[in-house]
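For reference, TrEMBL has these:
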| type | residues | note |
| --- | --- | --- |
| BINDING | K111, K151, E201, A202, M203, V204, E209, N291, E292 | ATP binding site |
| DOMAIN | 115-321 | domain 'ATP-grasp' |
Amino acid sequence: MTTPRTAPGGFPVVGIIGGGQLARMTAPPAVGLGVTLSVLAESESASAAQVIPSSPVGDHTSVEDVVEFARRCDVVTFDHEHVPPEVIAAVQAAGVRVEPSPEALLHAQDKLVMRRRLTELGIPCPDWAHVTSRSDLEAFGERVGWPLVLKTPRGGYDGKGVRVVTGPDDARDWLDAVEAAGAGGTDSEHGATMADGLLAEAMVGFTRELAVLVARSPSGQAAVWPVVETVQTDGICTEVLAPAPDLDPELASRASESALRIAGELGVTGVMAVELFETRDGDDRPTYLVNELAMRPHNSGHWTIDGSVTSQFEQHLRAVLDLPLGSTRARERWTVMGNVLGGDYPELYATYRHLMARDPAMKFHLYGKDVRPGRKIGHVDVSGDDLDDLRARARHACDYLQGVITE
Ligand code: ADP
């Protein structure tokens, strides 16, 4: 590890804990800004380590590894939300700035903490309860009706740690794990600690899923991008439409205001995504409920790389460095982002010749990850005036990259 703190010319060193695709996609704007990036990577071949020269390998749960890494950085931020609060506190104790703060980040790490706080703030959320026993779950089910949605407060992603249950028997293993958690039990499926119990939510009959992306700097400047629609397939986001088509303008402004308010009240710094369900109120007017928060660049903001004046990755750097934020204006009427999931076809590079010849306006972002079925390994962005045409083109490119189609 040889990166000096603050490079010549006074340009700072930004450290990112985690070497995934988000850290990787931060490299191009860092190059543009002249900011040095350093990444604490899971392995030498991690997605970001392939493109960022200073990528020491270390364990994000180890105080020693993270503090040693952080001492060489002017400010530290995150590629994911799995860094334990005590590890972040140790970085702060070593005198290194961390953005977002551990107090803010906790609301993206723990869904129970998030629900409690948003409810206090009067932000619309699904009906919810903290469940620590079978009888708690039964009582909540009686109140809101079955089926309902049960979540592990920590450690879930891409729908793991989220389960639709039709009765307490569907949740027997998790309830057993909660009981065992007093003795340090964990859920074997994803290692989530069950010590704090479970989050139960009423099943929301949403019309679609939306997301609002905001950025906030330590000085309190904030910026919001247009509200987008996120399309999920089997619990994984496959497509993002920016802006969300036919969105009620009043709903868009209320949702944007809520996201800015959450960022301010929680003291968020950097980029935050607020995931929403669009629903209908008692008068059949469109409204929304907040699903969850992510405090880092987010999949729902990948469209900004090609579709917005300032990408979420550049904005995250500006925000954590407390620089003035960039314009969040969309460059074109529509941008469609398609996620490329791993398929049976490992020779991804061979697809470029066909796809680039077919659609010269298509933008490709591949993450250097091993192809595993269902894993997010890249995305494409395409912008223009005809939404149906853009969706068809993005779908075609993703299907071709996944090997689902051959022409
Ligand atoms: P993760 O942390 O894995 O992203 P989420 O809490 O976002 O988990 O849930 C994953 C998906 O499950 C959501 O995108 C949504 O489709 C569905 N879901 C989550 N909560 C509810 C709910 N209360 N009602 C209906 N569907 C839900």
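For all residues, glycine too, the Cβ spot is worked out from N, Cα and C.
Bear in mind that TrEMBL entries carry predicted annotations, made automatically and left uncurated.
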With H, G and I counted as helix, E and B as strand and the rest as coil, say where DSSP puts E201 (ATP binding site).
strand
Give me the mean pLDDT over the domain 'ATP-grasp' (115-321), rounded to a whole number.
93
For E209 (ATP binding site), the three-state class that DSSP assigns
strand
Hey, what's the Cβ neighbour count for E201 (ATP binding site) at 10 Å?
21
Fewest-neighbour residue among binding-site residues, criterion Cβ within 10 Å, set K111, M203, E209, E292
M203
